[in-house]
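Scroll down for the structure; my scribbles are underneath it.
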Amino acid sequence: MASEIHMSEPMCLIENTEAQLVINQEALRILSAITQPVVVVAIVGLYRTGKSYLMNKLAGKRTGFSLGSTVQSHTKGIWMWCVPHPKKAGQTLVLLDTEGLEDVEKGDNQNDCWIFALAVLLSSTFIYNSIGTINQQAMDQLHYVTELTDLIKSKSSPDQSDVDNSANFVGFFPIFVWTLRDFSLDLEFDGESITPDEYLETSLALRKGTDENTKKFNMPRLCIRKFFPKRKCFIFDRPGDRKQLSKLEWIQEDQLNKEFVEQVAEFTSYIFSYSGVKTLSGGITVNGPRLKSLVQTYVSAICSGELPCMENAVLTLAQIENSAAVQKAITYYEEQMNQKIHMPTETLQELLDLHRTCEREAIEVFMKNSFKDVDQKFQEELGAQLEAKRDAFVKKNMDMSSAHCSDLLEGLFAHLEEEVKQGTFYKPGGYYLFLQRKQELEKKYIQTPGKGLQAEVMLRKYFESKEDLADTLLKMDQSLTEKEKQIEMERIKAEAAEAANRALAEMQKKHEMLMEQKEQSYQEHMKQLTEKMEQERKELMAEQQRIISLKLQEQERLLKQGFQNESLQLRQEIEKIKNMPPPRSCTIL
């Protein structure tokens, strides 16, 4: 299920019961399993306008989304159908069918507004389905588009301006597709044939004037032009007679109106070819889990009496994914270290070199799976955890070395200790005989490979544990004069002091190596962070340029149509977008 989802039928994603929006947890589980990028196509429109038929066609099925055959609206809430994309391998097509707007049985305009807003927020292609032509009645029925700024926030800051809203809406909002059912007019304008797209643009033309009627006429048209600069229109003839309409999903295509069948084929082909993957600000690609998070965040805001905020949704998603990215990076680091390290290592440098390689790759894993890490909070957490893991490996390495050396010493010196117990060395000349045997075994110990970092430390500790025995043998050896015993004791003290100094120097060296490695770690974090932020900056600048380009096209249209004031207003918006501060540069961790 991880790569492809095979839903045999649609499932309710957001239930609309008793004027409350409730998320279906089973639908969320399905979204969680979709690791592929998702192309989200949502359709809205008045009830009983045939939305579900088009969505079934996109799913490649005759039935699925409920069509119904009466004046009652069948679809309640938002229904979801996830299918493999028929034309783009590696992508999943998520179809969202919504309940009919302005259902007389429901009588709740506010819920219609939220359904409309959610469809816009969740989709990469937004289809508005209506019956007949684009006249003033059709525009009045599309009043929801004029309320989008009252239903959706693009930024979380309370002082956000309409210009900021408009710019961010263009960056977030989907392609707008208007499907006109049972269309019976000839597509002509001023006596010349026009395309459905040209018909849409003609219908969105503004009227000059400042009276209330003109403002009312222009408002929905301005909103569509402003928020949806990428627009498409499809017209559909009536599919058949009234009897056929009541059982449309069961009728063979060759029994339907030929023009209607061709128009549906053209529509589905466009959606499959040109509907893009759902993305968020900064070019963030949405997959199943990310879509799930958006659904939860938006519905939670609505149910709490707040406006769904696009920025907050992205930041919430970033919190979830960045936390998971830290864990993914740490898991990768541990797996690589455990696979490649052979403990105990002979030197600390050997372990630190491996740590540095695995750490660099772990940071790459984090960078690949994270985004919008505000103030590098999660990268700092990753750095702290990697340092702790490094220290744990250093300790484990030393512990394993200590245990191995302890076992080796016990094995090598076992016979010598047995001889001591038997009194072999309690005789004249016994001390130097003991010392000779001890030095032979010490040499064997030193020559034995694979002891690790604690080799000298453990040898010193072992000898320290036997100091009383050596001291006793020295004092009891009657072949030695007091002067010779004194000289030997001084030698032993000097050796002990030298060993202590070596141990101290080794500790200092270890500390310096760890500090140097910490600096290298910091530099690696900064290097990858700088590269990622530069890439994100380029993506944001490209997105800003795309928004400006779309607005410039709209400004040019307004200018050509003689709307100087509206064109000037849009020009001012464009200049404000251009003067927006660039994404902030990298900060020190």
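Backbone N, Cα and C define each Cβ position, glycine as well.
Per Swiss-Prot, the feature GTP binding site maps to 47-53, 67-69, 97-101. The secondary structure of Tyr47 (GTP binding site), as reduced to three states from DSSP, is coil rather than helix or strand.
If you look up Swiss-Prot, you'll see 35-276 marked as domain 'GB1/RHD3-type G', on the strength of sequence analysis.
The S-farnesyl cysteine annotation in Swiss-Prot covers Cys586.
Here Swiss-Prot flags Cys586 as S-geranylgeranyl cysteine, drawing on experimental evidence.
The feature phosphoserine is assigned by Swiss-Prot to Ser156.
Per Swiss-Prot, cysteine methyl ester is recorded for Cys586.
Marked as phosphothreonine by Swiss-Prot on the basis of similarity to another entry: Thr587.
As annotated by Swiss-Prot, region 'GTPase domain (Globular)' applies to 1-309.
Cβ neighbour counts within 10 Å, taken over all protein chains shown, single out Asp97 as the most crowded of the binding-site residues Asp97, Glu99.
The Cβ neighbour count for Tyr53 (GTP binding site), using a 10 Å radius and every protein chain shown, is 20. Fewest Cβ neighbours within 10 Å among the binding-site residues Tyr47, Lys51, Leu101: that distinction goes to Tyr47.
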